[in-house]
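Q: Let me begin by handing over the structure; questions about it come next.
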Amino acid sequence: LENHSYSDFGTCSLTGRRSRNLEEDAASDVTEGHDEDDQMYEGEYQGIPHPDEVKAAQRAARAAARAKAGTEEEESLAEEYEAIMEDCGHGRFQWTLFTVTGLALMADGAECFVVGFVLPSAEKDMCLSNANKGMLGLIVYLGMMVGAFVWGGLADKLGRRKCLTMALAINCVFAFLSSFAQGYGFFLFFRLFSGIGIGGSVPIVYSYFSEFLSMDKRGEHLSWLCMFWMMGGIYASFTAWGIIPHYGWGFSMGTEFQFHSWRLFVLVCALPAIFSLIGLSFMPESPRFLLENAKHDEGWMILKQVHDINWRAKGEPERVFTVSQIKAPKQDNEFIEIQSSTGTAFQRWAVRSATLTKQVLKNILSLMSPDLRLSTLLMAIIWFTMAFSYYGLSVWFPDMIKHLQHEEYESKIKVFHRERVHHFTFNFSLENQIHKEGEYIIKFEDSLFEDCYFEDIRSTDTFFENCTIKSTVFYNTDLWEEKFIHCRLENTTFLHSKKGCHLDFREDNDVLIYLVSFLGSLAVLPGNIISALFMDKIGRIKMIGGSMLISAGCTFFLFLSFSQAAIIAWQCLFCGTSVAAWNGIEVITVELYPAAKRYRTFGVLNALCKLAAILGSSIFASFVGITKVVPILLSFSALVCGGLIAFKLPETREKVLL
């Protein structure tokens, strides 16, 4: 479907708002005598030009520029599509699509937080080693990277709505399965494919929504759409805070199947994707995709539907969609169509799959063509440096808070040597205490346990080493032979033992961690509002470059103070200033590339973004407790580099969507 020829177009009878055709003469009696064209525009008294005249002048100027540059034929469909979207207006349809696609973006934002919130509980529930925890933390980003690359490529060939629907469906199915997975291997596998599914949301959502927007609405409304990613972080933080600490919100089926509260949280985080999936079933395919693939009639019907919905909601149902034909490129893939329609079912599938794969790879390679090479290289650097710093610091901030808490805990530890305690009942906490070489008879014993009865015990990293245990009963506990290292057991009985690692929520669910993530997501709100209001006024380039340079300056505040409160404050400041750069990056990525390559480019760049997230989070986490200088300098250097390169990009705020 790639070989387009713009030399053979159908005719177009697109007329302006002021030249009504004969269909308007059949208007109802309600509108009789109220011909808008006969009314004088009130601004004419002050010499203010009519908005339609301004738009017509802008279109004429763009046409003159194209003619001068020799690109009139290639951009004629884009220019005509822009005029049609202006005629359709901005109203109820766009706001409905805004909500549906926003929920998909919200699902992506929540997905980034899921594993981080459940990891403290899951590591005890599934007995995870440090290596297992590290892999689980990275697997979601790995899945998103693969998903962005795959879905971005397929959306250019199979359709925007179709691919987004399939991606969200895969995310929902595997998120559901992961919440019930009992073993580490299955949980890891399901989270990987859940990430592959949700990885398609960002490359498709922005481009899909942009193809229903006119040029003067595009920058602002794409920036408003970015707020849903922030809402995903807030939603995940709030629900984690409200669900995970409630250990009783679950059930068990014997000793082999446990459904704890953190698993319920995984299910709840899939709700935005489910609601978006339901909403997409009522949304149409992108008319721009249909026109690019020579499906004129289907594209025309959708554009008419958008026009009628918007003007009917504005109280002007008499407005007529005046477009009868739209220029559509001629397709030169008849041989492929014949091949894919003959032979056995397997042969047809093989031909279609091979053709699709070749076209996807061809489009990816075309991103390095002479006319796109520089823009692609600059965008790749900007995406990578921004993601490396943002995701690296997003992991580093909470880890540093945990490290400071651990240091504070260690400073308060009391050590007791060679205690001897007889006939004493412990009815108070032994927190922050280390008892060495002590003797505890009857109720509690460090090196000798005699005539003891342990009932309903749930241990967390508890082991018995070089101990002697005599005449003792362990009833309904999770203490089994692996817990006793070089111990001597005499006349000891184990009844109803339960294997597995169990949870201690008083230790594992620190409310501060949820609060830090919640505040970090909420701090994005001011930056989102500012970027939405000024995106079209100051331009994409200044927004990206200025935001990245200001964010780089914010990282140096970390040298001033390094308490827990200071880290939270600097995190909020960094998130609030960097979000404007993210918004600008996503808007300009949509506008720089033609429709036939837009989704694939977004997919490749977003996959690069997830690769940078994996590298940044891994590198920054390795310096926790060692030094704060290296992470700060790395993030500062990356942001400055990306910010300066951003000023080399072309401005796109007055550019039609190619």
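Note: Cβ is positioned from N, Cα and C throughout, glycine not excepted.
In TrEMBL, annotation is done automatically, which means it is predicted and not curated.
The annotation region 'Disordered' is assigned in TrEMBL to 1-37. Look at TrEMBL and you will find 1-16 tagged as compositional bias 'Polar residues'. Residues annotated as transmembrane segment in TrEMBL: 95-119, 131-151, 163-181, 187-209, 221-244, 264-283, 372-393, 512-534, 541-562, 568-590, 602-623, 629-647. What TrEMBL lists as domain 'Major facilitator superfamily (MFS) profile' is 97-653.
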Q: With a cut-off of 8 Å between Cβ atoms, can you find at least three pairs linking the transmembrane segment (512-534) to the transmembrane segment (95-119)? Only pairs 6 or more residues apart in sequence count.
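A: Since 3 or more Cβ pairs under 8 Å link them, the transmembrane segment (512-534) and the transmembrane segment (95-119) do come into contact.
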Q: Should the transmembrane segment (131-151) and the transmembrane segment (187-209) be scored as in contact, given a threshold of at least 3 Cβ pairs under 8 Å and pairs 6 or more apart?
A: yes
Q: Hey, which of 163-181, 372-393, 629-647 has the most Cβ-Cβ pairs under 8 Å against the transmembrane segment (602-623)?
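A: Most contacts with the transmembrane segment (602-623): 372-393.
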Q: Which residues of the same chain, at least 6 past either end of the transmembrane segment (372-393), have a Cβ under 8 Å from a Cβ in it?
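A: Contacts of the transmembrane segment (372-393) (Cβ under 8 Å, skipping residues fewer than 6 from its ends): 141, 366, 544, 548, 551, 555, 571, 574, 578, 581-582, 585, 588-589, 592-593, 597, 601, 605-606, 608-613, 615-617, 619-620, 631, 634-635, 638-639, 641-642, 645-646, 648-650.
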Q: Applying the under-8 angstroms CB criterion, which one of 95-119, 163-181, 568-590, 629-647 scores highest with the transmembrane segment (264-283)?
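A: So the stretch in question is 95-119.
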Q: Same chain only, please: residues at least 6 beyond the ends of the transmembrane segment (163-181) with a C-beta under 8 Å from a C-beta of the stretch. Say none if there are none.
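A: Same-chain contacts beyond the flanks: 101, 104, 107, 111, 147, 151, 154-155, 187, 189-191, 193-194, 196-201, 204-205, 208, 259, 263-264, 266-267, 269-270, 273-274, 276-277, 280-281.
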Q: Checking distant contacts: for the transmembrane segment (568-590), what same-chain residues at least six beyond its ends satisfy Cβ-Cβ under 8 A?
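A: Same-chain residues near the transmembrane segment (568-590) but 6 or more away: 202, 206-207, 210, 218-219, 222-223, 226, 230, 379, 382-383, 386, 389-390, 393, 397, 401, 516, 519-528, 530-532, 535, 540-541, 543-544, 546-548, 550-551, 554-555, 557-558, 598, 601-602, 605, 643, 646, 649, 652, 657.
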